[in-house]
Structure formats: structure tokens, C-alpha cells
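Notes follow once the structure below has been shown.
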Amino acid sequence: MVKAYLRYELSNTFGVINSNANLVYDHTGKLLVSAALENINVWKARQGTLMRTLVAPMGEDGAPAAEVTQLAAAPGARQLAAGHADGAVRIWNLDSGECEVTLAGHRGAVTALRYNRAGAMLASGAQDTDVIVWDVVAEAGLFRLRAHTGQVTDLAWVERENVLLTGSKDGHVRAWDLATQHCFQTLAGAHGEVWALDVDPAETRLVVGAADAELHCFHLRPAAPVDAGDASTSGRGGVGVRGDLIEGVGGLRRTATERVAALRFDASGRLLAVQSAGRLLEVFRVRPEAEVRKHMARRRKRKREKGAAPAPNPAPGLAAEVPAAAAAPDAGDAPSASDELAPLQVVRAKAKLRALAFSPLAAAAGRPAQVSLALANNMLETWGVSEAGAERVRGMEAAGHRAGVRAVALAPDDCTLLSLAGNTAKVWNAESGACLRTVEHAGHGLCAMFAPGGRHAVVGTKEGAIDILDVGAATVVETLQAHTSAVWSVVALPDSSGFVSCSADHDVKFWEWQVAVAAEGGAGRQLGARHTRTLKMADDVLCCRVSADGRLLAVALLDSTIQVFFLDTLKFCLSLYGHKLPVLSMDISSDSTLLVSGSADKNIKIWGLDFGDCHKSLFAHQDSVMQVAFVPGTHYVFTAGKDRALKYWDADRWELLLTLAGHHAEVWCVAVSAAGDFAVSGGADRSLRVWRRTEEPFFVEEERERRLESLFEADGEFAAGRRGAAGQPAQDGAPEGEAGAAAAGRRTREALSAADRIADALDLAAHEAARMQEHAGRQGSGAGAPPAPNPLLMGQPPEAAVLKALAGVRANELEQALLLLPYTDALRLLTYLCHWLRAGLQVELCCRVAALLVRLHHAQLTATPAARGPLVALQRLLRARTGGLKDVLGFNLAGVQHLQRLLKDRQHSV
């Protein structure tokens, strides 16, 4: 009989304040948004509290979303764009917290993301060296820009010129004319990669940060068109060529010696913040024009006083194709970078910086600027910066660990969770994920357990000490100098009389609970422990476990063996050997019959404790198995591995049941609740994840087929991505010096499914139409009743079924879905478009589909005589229907304007 199991699914993720992405404020300045691995945290900026977490939707196959790598807030709207490591761009509504659309176009991680000033267009750059411009309103890509040969690192809009500036690791900054979709100017000559760039709000100044210790400054001037003859001499082609936009003004040396990681102007354009790859944040002040002239006068005076010394050469770095007079910042009356920018403050953070964001509220109110910083140790800081100094205003650090989570433990009531990271222990509400308390202890925590009652916890440290924590008071009540080396495991005795600890000093020690008088004057009593006996081993002890019946003690040694002893006499019982590398974790089932061990050799072994035989050895993970844990009362096992996976096994049938993917780094620990209804995992990505058992049953065979299908689909999508998007030939980037444009879409699994649905609907409609035509032909010969309608049509006419399938395709997937259709299906679709337009159905959709089909199959349509009729009919119908739709929109717009005037007159009369 086939056995059914209950599925575990991810129900909550907490412990991550920020991850490896940038910071953004919303347009009001009241909300600060940070990435939290695949999710997004929305913070109240003034209070420093978490308001909402935007949870990324799971894939169709149940796979978790990729990590967020870039964020961008829409100006003047409650909309947020998030770029992910798999190349997807998701648009979120900050009011509802819902993902409105997912845009697929990139083949690598999104590394740059910017809205234009109106918020209607979005530009994204990625590791695949491409830049895509998206129409946010239409939820579709406009075009793809290809010219860079390295990862795109930053973007900036120059809207008065309809230009997009892009920087890349190839050392170039390119200026793109969006009207003609070509690169008309290139800045070259940087010492290494270009890492950051930004344009001030007035769009008159460009600052570029590269791998050297300088800021490269440029002026943006109106780009006048040039003649074709001039264009040919400059080597840029002849069609749509315009003059240079960027003019160099020199470089400005920074305080930090590390490369620039990010730079941004504030909303007023008076301040420039430059983030280094280390801990320094430098804030520069943009001098007003009068102050710039004074500074230039002083500089010229100093030069005259020095005599006829030759003018210094401009600092090496990025150089635009500009006249020689402009290339030298000290020549003539042109201001240099040092004239326009003055150092204001230097902020040194506690850890390496990951991102920065200026608060728009401070700039709007005229107060001292506030800049928020994301640190690499999982915390956020906000600093106030003025000429008087820099001051830390607030920090957001309580809701996460500063390092990876090394151990987790659940209280006996399963309501409280304890996690260890570094020298910090945090107590969480296991249901909501809220951080209740933080306990600082002296050592580096490696293992933990709760004492009976759940009011105290025991922590084993790397230094050999054992700390007893008061969970309610968030204090260390006693520190036992238990071992001389790292304590790798602490486990409670089944009779609740004490616990057992094991260490790398070859000792397994037994401890007994005792209640002692508190040290502060003896007024209170506190829980303590007393050492009772010691088991000496011949090698380092990495793990120990006690059977639930209190009969056996299992000890894992550094020599890759497991020694089993009788708990009461400590006499040797069994020796379990077979692992090729040391056993890092093990667990004993609740009925004391099975022992499961996980090793650094990537295998788990299932042992019988009656004779010590190995029931089965399973290749469990792609890397070391860090922890194993039985579900209480069952023979189901959870295993955590360095391959970022948590797996669920049946130890009786020796089968893999589920692979729970979600962590973005090594999984180091897992704890299972007493009822087995949920499990908690932690790892190097600093996240704590709760996996809850659902009521959804599944079968092992179906799950195995599902995993294989996911692997095949992933391989197909990877191959399609390498061939390029929208049928383009595969290329990692255009040759250097050549710019080009291509389609913005990318073939995805969703687009393939949409194309299949359209093709199935067309086949079904064609089959139904053939049946009806056959019946009509037999009517003259005395045919009977018409055939029963196809139940798959759901009572709809064939044309309505095709329209429903076509309208169900998302706007951003429509072009790719139509591209995947065979030509014969595209020809049939043109016929249906004529029918829908005659009936006035979905006019906008019909217009877009007709334009896409004609563009994609233009050569074949012109060579097909059968296509002439539908095309001529479409030409007439499209003109008539779009004209009618335009009239309706104009009528509605005039009505709305009339209502506005009436409302305004009524307000004036009152």
C-alpha cells in the first residue's frame, strides 16, 4: 500500500534586518526599505520598528524566490521595485503589500535598478551585461541595450535629454539615447571597474566612482545634434547621432583608500555621500555658485603667487571624448572638482558598509541631513550629518544576530525559541518571530538546551565554559568552567535530573541540577549545576546523545566512530563505525531503537541500537551534514546541510520525503517541536525559518517525479537563457565600442505554459469548428441532432475560449508566448482577431497582439497568400476600432474635466 505523508512548508522567516542589497526610502521619507534575503522589510524610519515584511511569492514548482539584490522606490507613488538574483524584477505595492507583477528579462542577478522621475519607466542592469528599460504602466519591457562587456553596476537618468547613463565593470560609462536606442558617448580610461555613479537632481553634474581612490566629476551640458560628416569622423555612425553630453572637470581625492561601493546625492542636491568598500562613509558638500567663484579666485591667486609653474595635469581616470581644453580642470576659467565639492564629514561605522540612503524628509524640511546605513553585520544605523559633526541618531539591531546562527533550541512548551550566534543569545516568540530578549554572554556559543520548566537555558561555549541563562531576566546566572576546550554538545537527561556535556578535551561530563543562593546578598535563589562524574574518551568528542529510556549514552568521536555506553554504569556497549569523516551530529528516536548520524562525508547512517548494525547509509547532502533531528514519536528525520538544504526523511523506508529549500547559505542547526508540528532551522545567512506541517498529503513517488521535472525544466530554462532572449543569438555582450538594442523579454517557464494554453485553445476551437462544419454538411442528407458541445469549452463558443486563453496571459509574458507559437497557430490567431474586433471585444489586447504577430512573422506573412485577407481586414478594423476607442477616451476625459470645473466653481461659491 502506498503511504501518504503530510507536507512541511515555510511559514515564517525572521532574524534578518538587512541583506546584500541597497537601502531606499519611500517618497514620503517615513518608510525605510531594506532587503531581507528573498523578502523585503519595511521599517518605520522615525521609530525604528518593523512595519511590514513583503514575502516573495513561491514559484509554480514550490521553489522559493531568489535573493533580493537591488531595490528602487518609485518617486511620488507607493510602489517599490525589487531585483532578484535570478534576474526577475518584482513590482510591489507598499500599501497592500502585494506583488503586482513579475518582470522577467535578465539572465543574471539584477545589480542596478532606477525609476525615472515620473515613475512610469524603470531601468535595470544585471550581471548578464544587459540593460533593460521597462514600461511599468504596461507591465512589459520596451527594449534591451547591449554594449557593456562586464556587469552593469549602476544607472542614472538624464530626463531633460531623454538619456540613460550606465556604468559597468568593463571600466566604461555609456550614455544612451533612448529615442534611438543607441550609445552616443562613452567614457573610458578608468583604472579598473566603474562601481557607482549618480546625477544630481538638477541634472547638471555627474559623479563616477571607480576602483581608484578618486571621485571623477563631470558636467552635463545640452547635447546638440551634429552633422553626419562630423559623426563619421568621430567613428560613431551616422543615423541619429548627437553631440557629447558629458564634459570632464577632473577628479577629487577621497579619504578612504578602498574602492567606491556606492554614491548618492541627497534630494536637495547639496550633499553627496560616498560609501567605500570598507567602514568609511564620506559626505561632501556641493558649494553654491558664488562660493565656487570665490574658491576659483583663491586658486588662481595661489597659482600666480607661485609664479610661472606649469599647470598640473589632470588626475588619471575616466576621460570623455571632449575638447582638450575641457580635459584639463585647471585650464581657463572652468571650475574643477575641488572647486565644486568640499569635504563635510567622515562617518566610521562599526562594521563594513553595504548600502546608504538619504532621508528625503530632512532635505524637504531644511534640517540637518540624515543618512541611513546598512551594515554587513545585519544592522541598520541612521546618522545625522551637519557641519558641526556626525552623530548616530538611531540603530535597528535587536531583531537579528550579528553573525550566523550556530544553534537553536525550543522550550518544553514550544512557545519560546533560543538561538545562538557569537557571544549573543536571543529569545524569540516561536509563533510570531518577535525578538523578546537578548542575552550577552562571555563565550562564543556552540550548543544550547532548555532546563526543565523552560525558565532557564544552558549554553556551551567555544572556550569550554557552560553558561546558565535566566531567560526571563535575560542574564547569566552562573558560569561553569566545565571543560578546557570547546563544548560541542549539551543534552538533557531523560529523568530531568541534570544534563550531559561533551567537549574537544576528550571528556564527557555529567551535571546535576541544584538550587543555590543568589550571589547578591543571598536574598534570592537561582538554578545551578553540580558536576557528578566524568567519562574519559581517547579522542575529541563531537556529539553526545542520551536515549529516551535512559539506558544508553552515544558518543561521537573525532576518529569517525560512535561509541555507545550504558548510562548507569558507563560500561561499553556498542561501537558504530562506517563513516569516512567525523560524525558532526546524531539523534536517537523516541522509542530508543534507532540512531541516525550525520557526518562530514555528506552521508547519514541509520543504526539499530539492539545489535549496532547499520540499517542503511544514505547520500544525504552535497556538503557536510551539520545536524540531524528525529520528529518526536516517529521515525521521521530532519537533516541540515552545508548545501543550504533542509531535508525530511523516513528512517524506516530509507526514503527522501521532502527537500525544503529556502536558506541562502549553509544550514547549521535544526530543532523540532515536541508535537512535531513544526521545525526551526538556522544558518549562516542569519535567518531563522519556521517550517510548519500542513494538512496537505503527498506521496513519495509524486514528489520524486516533481523533483525530476523541476530539474529538467531548470536545465531547459538555463539553456534558453544562454541562447539569449526573444530568439536573439547567444552573446555575453556586444563587441566593445558597438552598441545595440534587442527585445527585452526572456523565455521563462510561465511564458512556455502560456504558449501551451493558447495553442491548446486554438486546437480545441479548430476541432469544435470542424465538428460543427461536418454536421452542417450532413444536414442536407437528413442528419440528426447536432453533436453535443465539447465540455472542455465550458459552454463557451470556440472564439470565446481562445479569447479567454489569450486574455489570461500576463502582459509581460505576452510577447514571449506569441513568439513560441508556430506560424500556423499565429495565422489562425489573426483570423480570430478579425472576429473579436468586429464584435468590439478586448480592443486594446487585439491591437497589441496584431502588432506583435505582424512584427514577429513579417517575412512569412508577406510570402503567404492566405494571409492577405486577414491582414487587409485587420487594417480596416484596427483603424476603425482604435478611432472609436480614442473617441470614448476623449469623451470621458472631457467629462472628468467638466466635473472638475463644476466642483471648483461650487467650492468658490461656498
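Numbering starts at 1 and runs along the chain as it is shown here.
Using the three backbone atoms N, Cα and C, a Cβ is placed for every residue, glycine included.
Checking the ranges 147-171, 722-746 against TrEMBL, the region 'Disordered' annotation falls on 722-746. Looking at 689-715, 770-796, the range tied to region 'Disordered' in TrEMBL is 770-796.
For the repeat 'WD' (68-102), the list of distant contacts is 19-27, 31, 33-40, 42, 52, 54, 56-57, 108-115, 117-119, 122, 124, 126, 128, 134, 136, 139, 746, 810-812: same-chain residues at least six beyond its ends, Cβ to Cβ under 8 Å. When the repeat 'WD' (68-102) is classified with DSSP, helix, strand and coil residues number 0 helix, 23 strand, 12 coil. In terms of DSSP secondary structure, the repeat 'WD' (480-512) contains 0 helix, 19 strand, 14 coil. In the domain 'Small-subunit processome Utp12' (799-901), the DSSP tally of helix, strand and coil residues is 92 helix, 0 strand, 11 coil.
For the repeat 'WD' (480-512), the residues of the chain that approach it from at least six positions outside its boundaries are 446-452, 458-468, 529-550, 553, 555, 558, judged by C-beta separation under 8 angstroms.
With helix defined as DSSP H, G or I and strand as E or B, the repeat 'WD' (576-617) counts 0 helix, 23 strand, 19 coil. Within the model, the domain 'Small-subunit processome Utp12' (799-901) shows a mean pLDDT value of 88, rounded to a whole number.
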